[in-house]
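Participant: Okay, here's the structure, questions in a sec.
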C-alpha cells in the first residue's frame, strides 16, 4: 500500500480539479485516509455480496446503485447498507446530484463514514477524481541537481556542489535547450515507470550562478527557454577528474541510476579544464535518442572491430 495518503477533507477542499463535492452525512469521518487512487462502484456489495469489496477505495454510487436501493424494500436495503458500513469504508460519493435514501444518510452518519455528493455524471467524476488522486498519491522525492530538456530528452545533471551543474545548464539554455529546474528537482513517479521532474514553485524559472547571483531564465531568454515539467530520461553525473581512475572509453557498459525504484541510463563525465561539457551533454542526449531507435554506436563499433580482427591476414608465417 502506498504510504502517501489523503484525508477526505482534501477532496472537499479541492478547487483545482473541479470535484465540486458537498458533505451530506458522516462528518466525523472527514479525517479518514485514502491510500489508493483506484475507484470502486460497490455494485454487488449492495446486494450483500462483499467478497471483492475494497473498503480503502472511494466508493462511487451512481444512478444504477441509487435506483436499486430505492426499488428494493427499505428493510432489505438497510440490511445490506449496514453490512457495507461495517467495513472501514473511506467514503461514499453519490454522483449526478442524486438525493440518496434517508436510511443511507442515517447509516453513514451512525458509522462515521463521509457521504458526499457531486453534480457530475459518474463517468466524468470518476475521471476527475482518478486524476486528482493519482497526482496527489504519487511517490515523490527531491534531488539536488539540474533538469534540462535537451533535444526532447530529459537530462538530470548531478554532481557535488560547485562542480558546474548550473553553468552547464545555462550554456545549454543559450544553445536553445530548455531549463526545467535548477538546484532542487522535485520528482514524481508516474506509473508504471516514468519519473517526472519539476522545479520548486518558489524558485521556478530561476538559476543561481556563482559570481553572478540569481537570474530569471524566463525573463532573460523568453518562454521558449523553460519548461514546467519533464519526464527524466537519463542521468549525467559530473565528477572530478582523477588521473588514476579508469574511465569508460568505449561506452559498452551501460550503467543505471535508480530513483524511486526506476532505473535510468547513467553517464559519468569527468570534469577538468578544457573539456566542453555542454557539447558532451548534447551528444549524450543525441546518443540516447539513437539508442531508443535501436542503434548503439559503441556496440556497432565493437562488433566491426571484432569482425576485422577475425578476417585480417595472418602475414608471412613460417611453417
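Placed from the backbone N, Cα and C atoms, the Cβ positions cover glycine too.
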Participant: Give the range, chosen from 270-275, 276-281, 282-287, that Swiss-Prot lists as region 'Important for the catalytic mechanism of dephosphorylation'.
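Facilitator: Going through 270-275, 276-281, 282-287 one by one, Swiss-Prot gives region 'Important for the catalytic mechanism of dephosphorylation' for 270-275.
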Participant: Going by DSSP, is residue 164 (ATP binding site) part of a helix, a strand, or coil?
Facilitator: coil
Participant: For each of the binding-site residues (159, 164), count the other CB atoms lying within 10 A of its CB, then report the residue with the highest count.
Facilitator: 159
Participant: What is the interatomic distance between the Cα atoms of residue 164 (ATP binding site) and residue 183 (active site, proton acceptor), given in whole Å?
Facilitator: 11
Participant: Among the binding-site residues 160, 165, which residue has the fewest other Cβ atoms within 10 Å of its own Cβ?
Facilitator: 160
Participant: Which sequence-distant residues neighbour the region 'Important for the catalytic mechanism of dephosphorylation' (270-275)? Criterion: at least 6 residues beyond either end, Cβ under 8 Å.
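Facilitator: Result: 159, 163-164, 238-242, 245, 247.
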